[in-house]
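Undergrad: Take a look at what Swiss-Prot says about it:
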- 1-42: region 'Tropomyosin-binding' (REGION)
- 1-164: region 'Interaction with actin 1' (REGION)
- 91-166: region 'Disordered' (REGION)
- 95-105: compositional bias 'Acidic residues' (COMPBIAS)
- 113-143: compositional bias 'Acidic residues' (COMPBIAS)
- 150-163: compositional bias 'Polar residues' (COMPBIAS)
- 179-192: compositional bias 'Polar residues' (COMPBIAS)
- 179-200: region 'Disordered' (REGION)
- 358-376: compositional bias 'Basic and acidic residues' (COMPBIAS)
- 358-455: region 'Disordered' (REGION)
- 390-401: compositional bias 'Polar residues' (COMPBIAS)
- 420-452: compositional bias 'Pro residues' (COMPBIAS)
- 469-478: compositional bias 'Polar residues' (COMPBIAS)
- 469-534: region 'Disordered' (REGION)
- 479-489: compositional bias 'Basic residues' (COMPBIAS)
- 496-514: compositional bias 'Basic and acidic residues' (COMPBIAS)
- 523-542: domain 'WH2' (DOMAIN)
Amino acid sequence: MSTFGYRRGLSKYESIDEDELLASLTAEELKELERELEDIEPDRNLPVGLRQKSLTEKTPTGNFSREALMAYWEKESQKLLEKERLGECGKLAEEDKEESEEELIFTESNSEVSEEVCTEEEEESTEEEEEEEEEDSEEEEVTTEVTKHINGTVSHNGVNPDNSKPKTFKSQIENINLTNGNSGGTQRNTESPAAIHPCGNPTVIEDALEKIKNNDPDTTEVNLNNIENITTQTLSRFAEALKENTVVKTFSLANTHADDAAAIAIAEMLKVNEHITSVNVESNFITGKGILAIMRALQHNTVLTELRFHNQRHIMGSQVEMEIVKLLKENTTLLRLGYHFELPGPRMSMTSILTRNMDKQRQKRMQEQKQQEGHDGGATLRTKVWQRGTPGSSPYASPRQSPWSSPKVSKKVHTGRSRPPSPVAPPPPPPPPPLPPHMLPPPPPPPAPPLPGKKLITRNIAEVIKQQESAQRALQNGQRKKKGKKVKKQPNNILKEIKNSLRSVQEKKMEESSRPSTPQRSAHENLMEAIRGSSIRQLRRVEVPEALR
C-alpha cells in the first residue's frame, strides 16, 4: 500500500509545465537551482578537485588578462638576466622605486577595487611601458657612444647629466672591459668604484698581468679563483708572464674553466720557473692529458712543494693514476698533493713518496742547523771556554751573619824553653788486703759450647765466584767423585740461598701458591722404584726356606 500511495503522490506533478516554472523563477532562484544540480550531477569532464562548488561570494573586481601577466613575467626575467650578465651587485634607488610601483599596480589590479580604478591602472602601466622603451633606446645610444669612444673615433660628450641610469650603465660596461681584459686601451673609470666580479674575487686581470710582467715585489700571490669569464688565452698569457717572474710564490686558478691548453701552458712554465712553490688548478675541465703534462714538468722542477688538481670534470682513471705515481717517484721536493686516488695501490705508493720527501726535507733542515751551529761555534769557542771558567752567580741568597760572635780558641805554642815545669804526680794508694777463702765469690760458670747453627748467608758475590772456581779446579785435578759432588753441591746451594734471600716476600708467596703439591708415595711405589734401580750385581744369594723346598 505504501508504494501505491507514493506513486499516487507523484502523479499530481505530471501535469505541471517545466518551462512555465523556470520562466517564473528569479535570477537568484535560478542560481540556487544550478548549484543544487551541480551537487547532484557534477560534470564528468572536470577533475575531482574542481567538481566541488565555489564557496567564495566575492565579486570579481576586473577582467583577468593573461597576456598582460605573461608580458610582465618576460620583462622581469629579462631584467634578471641583464643583472647577472653585467654583474650588478646592488640595486639602484630609482629601479627599486619603479619595481615597487609596478608591483603595487599589479597587486592592486587583483584587489577589491572598482572597474574604474582598474582602467586607470592599465593606462598608467601603458605609460610606464612607453617610458621604459624610451629609456631602453637612450641606453642603446649610450652604449654606441661608449664603444665609439673606446675605439678612438668619437669623443664621449652626449650624456645627459640628469639621467642617472645611463651613467650607471656606462660604468658597468667600462668595468666589464677592465676585468675581462678584452679592451685595448688603458681607460680608467673615475666615477664608479673598482669593478667587482659576481663571484666576489676583487682581482683585476689586466693589472695583475702587468704586475707579473713588471716583476712587482709586492705581488707574491696570483689569485684567479672563481673568475668564470676569463678565457684560456688569458690564462696562457699569465703562464707566459710567470716564466720570467722571480717574486710570485703561489699561483691559483680554481674554478676558472681551465682546460688542457691552460694545463700545458702551466707545465711549460713550471719547467722554467724556479720560484713558485704552490699551484692550485682544482675544479676545472682538465683531463688526464693535461695532468700528466704537469707531472712530466715536475721532473725538471725542484722547487714546487704543493700541487692541487682535485675535482676535475673528467675522471682521471686507473691508468692516469698509475702514471702519476711513476712520474713522481724521482721527485724529492713535492710535499703536498691535493688529489684523492681511487685505487688503493697508487694511493699507498703516493703516500710513501710524500713521506719520503718530508723525511728528506727534515734531514736537510737538521743538517743546515748543524752547519750553522758549527760556523757559530768556531767563532765563539773562546768566549764559551771563558764563560765555563768563570763562576756563575748563585741563585740563592748569601747566608746571614750570626749576631753572636764565635768563640775564639787561643793557640798555645809549646816550646822546649818556655814549657812550664810539670807538677809531680802523687803516689798510688796501697792495695787492699786479700780476703779469706770462705769470703771469696763463687767462680763464674764455664761458657756454653757453641751450638751447631746454620751457616750464615753471605751476599758477597766475589766469595761465591771464588768458591765456584775452587770447585771447578778440584774437579779438574782428578779428585774422587764423592768429594767432587760434595764440592759441587756446596756453591749451588749457596747460590740458591742467595737467590731466595734476594727475592721479595710476595714473590715467595706467589711461588708457593703456584707450585703444585708433592704427591705422597706409597710403599708399593717405593718397592718398585728400588727394584728398577737395582742390578744383578747388587743381589745376593739367599737360602730357600724349608717350607718352600
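Counting begins at 1 with the first residue displayed.
Glycine residues also receive a Cβ, built from the backbone N, Cα and C atoms like all the rest.
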Undergrad: Mind checking which residues reach the compositional bias 'Basic and acidic residues' (358-376)? Cβ under 8 Å, same chain, six or more beyond either end.
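TA: Counting only partners 6 or more residues beyond its ends, the compositional bias 'Basic and acidic residues' (358-376) has Cβ contacts under 8 Å with 332-333, 335.
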Undergrad: Based on DSSP, tally up the residues of the compositional bias 'Polar residues' (469-478) by helix, strand and coil.
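TA: The breakdown for the compositional bias 'Polar residues' (469-478) reads 8 helix, 0 strand, 2 coil.
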Undergrad: So, by DSSP, how many helix, strand and coil residues make up the domain 'WH2' (523-542)?
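TA: DSSP composition of the domain 'WH2' (523-542): 11 helix, 0 strand, 9 coil.
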Undergrad: For the region 'Tropomyosin-binding' (1-42), what does DSSP give as the number of helix, strand and coil residues?
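TA: The counts are 33 helix, 0 strand, 9 coil.
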